[in-house]
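Asks: Sharing a structure, written as structure tokens. Questions coming.
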Amino acid sequence: MRFLISGSIKKNKPLLYIVSFLLLFELLFWFFNWFYYDAVFGLSPEKLREFFFGPPDYPEKIEISSLLQEVHIFFFINFFAYFVLSSLLNLFPVKFKNSVIILGFSFLTLEVLSNFLIYFTENFITLKLILFLLFQVIFFTTLIFSVYGLIYEKEKTDYDFLKTLIVIFAIFSILFTFLNFFLFKEKLGLFYSDIRDYYLGNPEKFARPKTFEGLIKVFHPHLISITAFYFALAHFLLFIPLKYKALLMVLLILIPLTETSAGFFIRYFGESFVYLKLLSFYLMIFITFLSAFLLIKEGIKKREHA
């Protein structure tokens, strides 16, 4: 994000072309997000109800682990796409941009939370659909603002808006970590025996050991997503005064990578590595929360002194 803070896009033609292609990508993402949402959840109350509770002829409630998995993927990709797009507004004095970014994040977060409201109450299906539509409207509005700013506005770094972005990312980090915790709990478990059985199998539970292909299918996509997420979180720590900042930034990269790769060690080098998996998982949660709260605290403190 260095060029979004102190750089000049319009005076740097290669950078201008890159940002233009980025905006094109964001437009394509927004367009295909309609199809993605319809394919996964459904763009009608009937399809949404079927996603949660099965077809009328064969009603079957979706498993909470499957719901958590779909929701955490949707939350991650939509937040990052919207966050990168919103970051471009940092250089342009567009009116109401703070309100727009907060509204977009709020609608996305409420859409995610509505899944669990539907799951446990079997109501509010229309609310989920409305929140997604509102998020898409705000996403497109942000895209229009970014294009307008790139064409017509003079570039000027907006540090107050940057603080807003950082606080929003920190809040997202907390919410996303909660989602990951419950997904981990439902799919793997929180105790030694749960993790051991998940990777090594258990004949009494008719659970087979994980294959290399199964492990790599989980590890490979998580490698890039975890790197992107924790690199961004560590990167934002550069903007706050912190004594042991470098150590925390290194831990934010090493611990999540250890947690992600620990499954291979359990499967091929012995079940004693279950302790490594559990330790790295709980440490990952702790340092994520710690980093996020430090960013929020600093953002609030600077606004009070402004």
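Cβ atoms are placed via backbone N, Cα and C, with glycine included.
Grabbed the feature section from Swiss-Prot, which reads as follows:
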- 13-35: transmembrane segment (TRANSMEM)
- 71-93: transmembrane segment (TRANSMEM)
- 98-120: transmembrane segment (TRANSMEM)
- 130-152: transmembrane segment (TRANSMEM)
- 165-184: transmembrane segment (TRANSMEM)
- 218-240: transmembrane segment (TRANSMEM)
- 247-269: transmembrane segment (TRANSMEM)
- 274-296: transmembrane segment (TRANSMEM)
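What's the neighbourhood like for each of these?
Replies: Beyond the ends of the transmembrane segment (98-120), by six or more residues, the same chain brings 48, 52, 61-62, 64, 67, 71, 74-75, 78-79, 82, 86, 89, 127-128, 131-132, 134-135, 138-139, 141-142, 145, 160-161, 164-165, 168, 171-172, 175, 179 to within a C-beta distance below 8 angstroms of the stretch.
Nonlocal intrachain contacts for the transmembrane segment (130-152), taken as residues 6+ away from its ends with a CB within less than 8 angstroms of a stretch CB, comprise 9-10, 16, 19-20, 23, 26-27, 30, 33-34, 37, 41, 78, 81-82, 85-86, 88-89, 91-94, 97, 100-101, 103-104, 107-108, 110-111, 114.
Sequence-distant contacts of the transmembrane segment (165-184), counting only residues of its own chain at least 6 positions beyond either end whose CB sits under 8 Å from a CB of the stretch, comprise 65, 68-69, 71-72, 75-76, 79, 83, 86-87, 90, 101-102, 105, 109, 112, 190, 229, 232-233, 236, 239, 281, 285, 288-289, 291-293, 295-296, 299-300.
Sequence-distant neighbours of the transmembrane segment (247-269) (same chain, 6+ residues past either end, Cβ-Cβ under 8 Å): 195-196, 199-200, 209-210, 212, 215, 218-219, 222-223, 226-227, 230-231, 233-234, 237, 276-277, 280-281, 283-284, 287-288, 290-291.
Sequence-distant contacts of the transmembrane segment (274-296) (same chain, at least 6 residues past either end, Cβ-Cβ under 8 Å): 166-167, 169-171, 173-174, 177, 181, 184, 190-192, 195-196, 199, 230, 233-234, 236-237, 240, 242, 248, 251-252, 255-256, 258-259, 262-263, 265-266.
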